[in-house]
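Engineer: Below are the features I grabbed from TrEMBL:
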- 53-198: domain 'Cupin type-1' (DOMAIN)
- 337-358: region 'Disordered' (REGION)
- 1-18: signal peptide (SIGNAL)
- 281-305: transmembrane segment (TRANSMEM)
Amino acid sequence: MLASSLLLLACAAAGAFAQTTATASLVQELELATDHVDRIADLPQDSEFVFDFLNPPGGVVQGAAGHLVLASVSDFPALVGNGIALLAGFLGPCGMNTPHMHPRATEFLYQVNGSIQSGMLTETGSRFIMNNVTAGKAMILPQGSIHFQFNDNCEPVQFVSALNSEDPGTLLAAQGLFGLPPSIVAASLGEIGVEEVAGLAEKIPDDVAFGSAECVQRCGINIGVQPTAEQVPRVSANALPTGSAWTSKATSTSTNYSRSILGAVADPSNPSATHATTQPVTIALIAVVSVLGLGYVVLGAIFFVNRRKRGEKSFIRPDMKGRSLVPTLDHDKFDASAGPYDPMAASSSFVRPERGDA
């Protein structure tokens, strides 16, 4: 049983390889044809001028939330010399054709049923353009613009796009960015760390992916695990630094500590990582507060000691003959309630002490 299954898989793989090789040879022959008559002669079967989008020979992009079928020169040789390709998009509920661009073609999108949100950026400095494209309407997406399509509904939708190149090409924006050298990506995103760059790149879902969390919740969809195979291959120029080990949950860096304090980055799915990140900061804050508190205690002690010393310093009046003649602050105080001060009355109350005969 196992042997027969392996044999079937091997035959299927061999058939696909043979078909790809034959298609490549035919495309090369068509490109080298001297004129249109020769190209027609190289396609002897009438069926070679028909492309079946429901049962395509190739050009399929399969994601968790839908799929795309592209009839280009790679899978439909009859397009050679005609300067056109055609894309059929099948978006499931909350499905999104993730942000991408076509480096060699302008796209003219026609909505077949339902509605989609289609947005684009054409270049740095230009405004963002967003439209809700309903059935029967079309939107132009210029060559090189970054654009997307999002089905913000709970029912599947379909669109068809014409592209003015038989080989339009597609560059996925997120995968393309994170396919650059990790140090360049880290610097472009504010020095988030090479390990974090690698971890984020691993989490980018394949096209077609699920869109907003609000739509997914509204439609009661369980996303599960989305495939992440559409990664840019790593070569020496964009490889991770030697000895840099990373997983899907990348190790936090010192930059992450400050960002976590400010509340800019949080990972509720990884509480252990959050605890490990904030623990050193908490200890440091406790130490600083303790030092400040001790300083205030020392200052308070010095203040009370000095105040007590000043209080113990009192003036001791020396004994002297006839001290009763000297008015003090403790006697002869003026009583304001007795009325205005009368110098004559004050002098009459003064009793001159008796003096002995000389």
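Every residue, even glycine, has its Cβ placed from backbone N, Cα and C.
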Engineer: With DSSP helix as H/G/I and strand as E/B, how many residues of the domain 'Cupin type-1' (53-198) fall in helix, strand and coil?
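Structural biologist: Taking each residue of the domain 'Cupin type-1' (53-198) in turn, the totals are 21 helix, 60 strand, 65 coil.
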Engineer: Average the per-residue pLDDT over the domain 'Cupin type-1' (53-198) and send me the rounded value.
Structural biologist: 96
